[in-house]
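Visitor: Got a structure for you, questions after.
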Amino acid sequence: MTTLHAARSTGSRSGRPPHGSPGGPAAWLRDLAMGARFAVTGGREGWFRTALSAIGVGIGVAVLLLACSAPTVLDAWHGREKARENLGQMHEPRASDRTVRYAQADTTFHGEPVRGRLVRPDGAHPPVPPGIAHLPGPGEMVVSPALRALLAAPDSAPLRARLDYKVVGTIGDSGLLGPQELTFVAWLDDRSAGEAYRISRFGKIFDPQPPSARLVLLTVLACVVLLMPVVVFIGTAVRFGGDRREARLAALRLVGADIPTTRRIAAGEAVVGAALGLAAGLLIFLAGRQAVGAVTLWGVNVFPADVVPSPGLAALVAVLVPAASVLVTLFAQRAVTAEPLGVVRNRPVRRRRLGWRLALPLTGLALLLSSAWAPQAPDGWFPVVRLALGAALLLLGVTALLPWLVEAVVARLRGGPVAWQLTVRRLQLDSGAAHRAVSGITVAVAGALALHMVFTTYQAGYAQAYEESASRPVIQLSGSTASWGQARDALTTLRRTSGVTWAHGTVRAPAGREGDRGTRDADGYRSVQTAMVTVGDCAELRRKARIGSCRDGDVFVAKDRGGRATDPAFVRPGVRLNLNPPEGYEETGPPRPWTVPDTARRVQTVRHPGEDLPGDVLATPGALPTGRLQAPTTELLVGYDKARESDAVERIRTVAFRVNPGLRELSAVDNPHDRQYDGLRTALFLGSVIVLLLIGAGLIVSTVEQLRERRRLLSVLDAFGTRRATMGWSLLWQTAIPVALGLALAVTAGLGLGAVLLTLSGAEVHLDGAVIAGVAGSAGGVVLLVTLLSLPPLWRMMRPDGLRTE
Amino acid sequence: MTPDGSILAGEGLHKTYGRTTALDGADFSVHPGEVVAVMGPSGSGKSTLLHCLAGIVRPDSGSVRYDGRELTTLPDAERSALRRTDFGFVFQFGQLVPELTCLENVALPLRLNGTKRKIAEATAREWLARLEADDIHGKRPGEISGGQGQRVAVARALAGRPRVLFADEPTGALDSLNGERVLTLLTDAARDTSAAVVLVTHEPRVAAYSDREITVRDGRVRESLAGL
């Protein structure tokens, strides 16, 4: 009150009339300061409300800061990858003291990808990737801390057998993408010599591929879906304790504060809540950031230190959150006027209009559907903005539709017991507080369901693909080979492996037409028409074609195209082929002519599902020594039976790695996506539940405040014998009706949004009833929790104390 | 039965709130059809006496007997049931449920007692007509005047045909004209139904509507003078 008097005196001294609003920046600051003081001097309950607002805003701010960190996280991630990698140079450097031969040796252990790199220096001063002091010597490797831990685990024996190198060091953080990354750098021995290429430095990688349409869709959607509830929730959180604030403002009006002054005081109070929220958000962000290292999403695991909000975006959050808090508070006061004798609700009695409320989601839907005509891979900002705006408008539309829906539905509710009647009538009179509290739930649930649906569908797609793959228990391996003999030896070793039922393989290489020099494109890449030459013994060739009788030294020519799109028509008995076709940027050296014998028989090829094409020329090793081929590769197919050996897959991988660490596994045996999507869905579900609980906390605060406002009425109701159960049920309905309507809207909007997005990305729509039931169950739980926690205050308010006037 | 044929009697009632003594051995009785005005200055304990008599508050000591039953030992559920079936209440303000219409407010005690909605509302309509408030039955409390609100409250208190009507400053928030009209309607209706009325007031002109006056001072009851 002193402040108000002081403000008045200031006005008088400056020559203003003694009545009316004191003005000037000083008075404004005083009013704001008074509001700020109210935020922290309301006793235990005041602190509780302020703390709840701060926590609510803080969680929102923490999520916003995390989102603001996305650009820096991605930059850091790509920077780390670029610094340690070299995928090959267009012109391979000559061997020197400062070059190293380099190959990839990635493997998988129980579904976890392990990044492997093999190195063999050409001299004494080879380039060294970041995080490694010295390159490992023969038989040695350096490992990431996570791989070191995995190797030490009791059930990692197959991995220890596979990575049979002596661990001589640990890769430092600068050489890792994230703390959980499984990676090693080992000595390149002769087994993988064919895979290797020479490099003169690390830190060269082709620019990352533009993200796929699906990834863009998911990322944009995730941002919108995660941030929209945050925005709505911040709006809800700053209004916690609004009724009490209005009562306080009315008391201030009684002692002479005018309406602009009360608004400034309210703004001051809101700013403090928002400022505390910012501080809480920063703390939550810093604490939560430490957990980032333990999370792997889509194979991306990052260091907590890399999660730094982009300064510009963080500054925007720091400015916008308090500004939004003030705006929301002032906007909320639009519908009420704090008068000296109390708060007057000047909300018009007229019904809410549906038109503009429907326009929001429909515009969003139109924007999303218009994306269907956009190219699949969004290029430039416009499609992304359109997608984000569409999803945001659709979700915002849900909050706009909710008040109309609640009003329209409760207006039609009739009958029922007293508890029901009390609730329905209350909602019919004023449903504002109810739908405001629930709108946060609605957006959060709608967004979460849409994301769930997208994840479920993608997961189902992967699951189906892997299921098909798993129905044929075969591992396909591919890699360079020195000769057919080496491939044959690999097959022999694999066939002896426990759990392996069969193994087949051939050696393959391209061949051009003799004399064909092809053409160079603008980039200097020379392309020629090639045919595929397949070399294997008679048993292996029989799998590829109906060759009939066969002896070493025989050659066969495919009479069909084996499913190929191009027709190497030049392949026929008697034709001269060039086994060193001049393909690529570099000159490949002199031609290696080889004549397809005139005696070669034309045969019908056999194509096995999931396997490579049989080839155009099928030759036995006696007819075509593989040493003459250019960059021959081996394709190995290994059948296994888990009933015989449960760990057959890991055994095969270990044997394959030991044959040639550079062998790549092409088949999809493990489904890593299941775990990734399961993790995502769990995180999303937990996020939804946390948002629900927070909104539940807000509901409790507003319910208790409403009860306090009606304290006398409750005492009167108790006086004439109203059962506590009746009032308890009324309280339950009061929370349950808006939540149920909000959920119905959320489920409709969420599934609609999910279906539209999936249709846009060309995926088949899958519904996960358990998730819908889970979210609905959680919301039901929140309703029960709010009711249960509001009952003790209700019982207290129903005491006759409320009847006492003296 | 209670002493002297009274329907409700309190003897030696003691009640304290913290260090404040609200009742200090108060005695009270009311007969069927009798209107008793409970007078006294602010803070004298008259409202507490009403609350103890109505079974809203349990006294610290003393007894309250209603129709032969000891109220102070009845469990809360039974006292609540009694208030639903046998007692009616009118307070000074803030007693109508703001979201319910006037008709629904009047029907509320009947419905709480298990009466079907249509029957409850038909009865409520009759009582509203009797209290000259039938034109506002569809309005909500926020849309009517204070005098109309009190008539609705009286109608609600009487709709269940209580045997005892407790009125705590029923005209405290009304102007004299409206106050007198409400009191006339209240006492007439009560007498018509033979309901005993406990009328708490600090205004002598209100007490003038009673058959008997008592004064509460420092938590004790003193007989005053006969009313009408």
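Backbone N, Cα and C atoms are what each Cβ position is placed from, and that goes for glycine too.
Annotations per TrEMBL:
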- A:1-18: compositional bias 'Low complexity' (COMPBIAS)
- A:224-327: domain 'ABC3 transporter permease C-terminal' (DOMAIN)
- A:687-799: domain 'ABC3 transporter permease C-terminal' (DOMAIN)
- A:1-26: region 'Disordered' (REGION)
- A:573-597: region 'Disordered' (REGION)
- A:51-74: transmembrane segment (TRANSMEM)
- A:215-238: transmembrane segment (TRANSMEM)
- A:270-292: transmembrane segment (TRANSMEM)
- A:312-333: transmembrane segment (TRANSMEM)
- A:354-375: transmembrane segment (TRANSMEM)
- A:387-413: transmembrane segment (TRANSMEM)
- A:434-455: transmembrane segment (TRANSMEM)
- A:683-704: transmembrane segment (TRANSMEM)
- A:731-758: transmembrane segment (TRANSMEM)
- A:770-791: transmembrane segment (TRANSMEM)
Visitor: Go through the chain and flag residues at least 6 beyond the ends of the transmembrane segment (A:354-375) whose CB is under 8 A from any CB in it; none is fine as an answer.
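Guide: Hits for the transmembrane segment (A:354-375): 383, 386-387, 389-398, 400-401, 403-404, 749, 752-753, 756-757, 759-760.
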Visitor: Looking only at residues six or more beyond either end of the transmembrane segment (A:312-333), which have a C-beta under 8 A from one in the stretch?
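Guide: Apart from its flanks, the transmembrane segment (A:312-333) reaches 57, 60-61, 64-65, 67-68, 71, 231, 234-235, 238-239, 242, 246, 262-263, 266-267, 269-271, 273-275, 277-278, 281.
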Visitor: Summarise the region 'Disordered' (A:573-597) as counts of helix, strand and coil residues per DSSP.
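Guide: DSSP composition of the region 'Disordered' (A:573-597): 0 helix, 7 strand, 18 coil.
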Visitor: How does the model score the domain 'ABC3 transporter permease C-terminal' (A:687-799) in terms of mean pLDDT?
Guide: 81
Visitor: Where DSSP helix means H, G or I and strand means E or B, what are the helix, strand and coil counts for the domain 'ABC3 transporter permease C-terminal' (A:687-799)?
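Guide: Split into helix, strand and coil, the domain 'ABC3 transporter permease C-terminal' (A:687-799) gives 98 helix, 0 strand, 15 coil.
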